[in-house]
Structure formats: C-alpha cells, structure tokens
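Novice: Per TrEMBL, the feature domain 'NADH:quinone oxidoreductase/Mrp antiporter transmembrane' maps to 23-288. According to TrEMBL, the feature domain 'NADH dehydrogenase subunit 2 C-terminal' maps to 290-343. Per TrEMBL, transmembrane segment is recorded for 5-21, 56-75, 95-115, 152-171, 178-196, 202-222, 242-261, 281-304, 325-345.
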C-alpha cells in the first residue's frame with residue numbers, strides 16, 4: 001500500500017477514536033464510529049486476497065448495522081426525553097438497543113460471528129488494530145452510559161461470551177482465530193463489571209490491549225500464522241519465543257503475571273456486589289480459554305517431536321528485536337507487584 005494512503009488511514013483512525021471518546025453528543029459519537037469503520041476497511045483488504053475482501057465486506061456490513069442501531073437508540077431516547085447527551089440515556093428501550101449495538105460492535109456473544117472471520121482475513125498489524133484500538137470507542141460509550149444499562153442483560157452477555165470464547169477456541173489451529181476467541185472471552189470479563197465498577201473495565205481493557213499488542217507484534221516479527229509454523233519458529237529468535245510463552249500465560253491470567261491483576265480485581269468486586277455465583281461461573285469458564293493458551297504456549301517452546309517426514313528448520317535470524325516489543329513484553333509479564341500504584345493512578 002502507498003505510504004501516504006497508509007498514513008491517511010492511520011490518522012483517520014486516530015481522529016475517529018478521539019472524536020468518539022471526547023464527545024458528549026450522540027451524533028458526534030456516531031460520526032467518530034463511522035470514520036473509524038471507513039478508515040480500517042482499506043487496511044483489512046490491502047492484500048487483495050479473496051479472504052481479505054470477504055473480511056472487509058463482513059466487517060462493513062456488521063459495523064454499519066451496529067452504527068444504525070446506535071443512531072436509532074439515541075433518537076429514541078431523544079424522542080422520549082428530549083436529551084441528546086450521551087450520559088442522559090435514561091429510557092429503558094434505548095438502553096436495551098444501545099447494549100445490543102455495542103455488543104455487535106465489540107463482538108460480544110451472540111453477535112460475535114463476524115469477529116474471528118474478519119481477524120482471520122486481516123494481516124497481523126490490522127488484526128492488532130481490530131483487537132485493541134477499534135474496541136476503545138464502543139467501550140467508552142458503554143462506560144459513559146453504564147449507570148442506565150441493564151445489569152441482568154450485561155451479565156448474561158458476559159457469561160455467554162466467556163463460555164463461547166473458551167469453547168470455540170479449543171479446536172482452532174489458526175493463531176489469529178484463537179486470538180479472536182481470546183478477545184471475545186476477555187470482553188466478557190469487561191462487560192460483567194462495567195455497571196458496578198466502570199474503572200475496572202478500563203484497567204482490564206488497557207492491560208488486555210498491552211498483552212495482545214505484545215503477542216501480535218511478536219508473531220509479526222517471527223512471521224507465524226498457524227500452530228504448525230509456531231512449532232518450528234523457536235530457531236529464529238529463541239529469547240523472543242521464551243517471552244512469548246510468558247506473555248501467553250499472562251494473557252491467560254496466571255497468578256504471578258500481569259494478566260492476573262484484572263481478573264483478581266473483577267472477582268473481588270463481584271463478590272462485594274453479592275454476585276459470588278457469577279464470579280464463580282466466569283472464573284470456571286476462563287479455564288476453557290486457559291487450555292488453548294497452554295496449547296499455544298506449548299507450541300511456542302516445543303522442540304519438534306521426532307517424526308519421519310523431512311522438514312525445514314528456519315535459520316536463526318540476527319535481526320534485532322524492536323525496543324517496542326521489549327518494553328511491551330516486560331510490562332505484560334511484570335506489572336503485578338506494582339498493582340497498588342496502578343490502582344491509584346486509575
């Protein structure tokens with residue numbers, strides 16, 4: 001792709017996100033979402049592969065439907081209450097429609113079917129944007145309207161997302177699809193707590209975005225897209241593979257690593273809100289996704305088992321790892337001890 005065109009699309013993405021997260025009026029928020037959608041489409045379809053074109057079409061149709069629902073919900077609310085302010089979404093029907101629209105934009109169950117397909121058809125760098133930056137505007141809208149949302153509906157969506165994100169990822173061999181189901185599972189954790197403590201949702205999102213960025217950038221460096229190539233990639237940059245193992249375990253939420261922090265805080269908050277059954281259920285369901293993270297981690301560090309067919313091992317590269325990946329990896333693994341400081345900042 002032409003570098004100038006690429007720059008314009010990236011700037012448009014930043015502009016759309018900024019407009020949405022800083023707006024008070026529903027029409028401005030909707031405009032930001034539309035700019036975002038239109039800016040990411042060329043980045044998804046830039047390889048001109050049929051699968052990429054299909055992914056861009058699916059993404060466009062889903063996001064257009066979700067944006068229409070956002071507009072419909074805000075207009076319904078304005079019709080009944082005379083308010084266009086985002087924080088004044090008080091009408092129950094409008095809240096219900098908005099929750100469905102945001103669930104569709106984020107890829108929460110039962111509106112999740114587009115997300116794995118779109119991520120599978122996109123390049124790794126675009127996949128990173130879809131999993132992190134494109135989720136920020138919808139989560140911001142949920143954050144601003146959290147006092148008037150329906151707790152039962154959101155808890156149901158959250159538990160279903162954690163369950164299906166874990167179950168459907170078990171049988172996958174394509175890494176981008178596994179990361180898509182991982183994203184759906186993490187969104188379940190964010191949705192379950194947003195009504196009770198919205199700041200925890202933001203902490204969870206920031207830490208999730210950081211760990212996912214580390215994984216995508218690492219995979220992009222070692223040029224790996226599926227489990228079978230991940231098994232032979234350990235010869236390329238062994239130290240990076242070792243850190244990828246730790247980042248995957250952190251994303252799974254294992255205790256001494258950064259990823260344990262949001263899960264611990266969310267379970268604690270749910271228990272305070274007398275929602276111990278929901279906390280227990282969502283914790284047990286996250287064990288499903290732990291299984292496929294362990295599968296990825298095993299494939300990352302495996303030295304190939306003996307087999308009869310001849311295979312090519314990749315040469316070890318002397319290409320230096322970028323400083324961005326180094327910093328992100330350290331943060332993805334070692335932030336748990338400074339959790340009190342993180343909580344005071346947020």
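Here the Cβ of each residue, glycine as well, is placed from N, Cα and C on the backbone.
A TrEMBL annotation is a machine prediction, not a hand-curated record.
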Novice: Of the listed stretches 152-171, 202-222, 281-304, which one has the most C-beta pairs under 8 A with the transmembrane segment (325-345)?
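Specialist: Stretch with the highest Cβ contact count: 202-222.
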Novice: Which range out of 95-115, 178-196, 202-222, 242-261 gives the transmembrane segment (56-75) the most CB pairs under 8 Å?
Specialist: 95-115
Novice: Go through the chain and flag residues at least 6 beyond the ends of the transmembrane segment (242-261) whose CB is under 8 A from any CB in it; none is fine as an answer.
Specialist: 182, 203, 207-208, 210-212, 214-215, 218-219, 286, 289-290, 293-294, 296-297, 300-301, 329, 331-336, 339, 342
Novice: Who are the chain neighbours of the transmembrane segment (152-171) in space, where the CB to CB distance is under 8 Å and they lie at least 6 residues beyond its ends?
Specialist: 96, 99, 103, 108-110, 112, 116, 177-178, 181-192, 194-195, 275, 278, 281-282, 285-289, 291-292
Novice: Which residues, given as numbers and ranges, are at least 6 beyond the ends of the transmembrane segment (95-115) yet have a Cβ under 8 Å from it?
Specialist: 33, 58-59, 62-63, 65-67, 69-70, 72-74, 76, 89, 130, 135, 138-139, 141-142, 145, 148-150, 153-154, 157-158, 160-161, 163-165, 180, 183-184, 187-188, 191
Novice: Is the transmembrane segment (5-21) in contact with the transmembrane segment (178-196), using at least 3 Cβ pairs under 8 Å (sequence separation of 6 or more) as the test?
Specialist: no
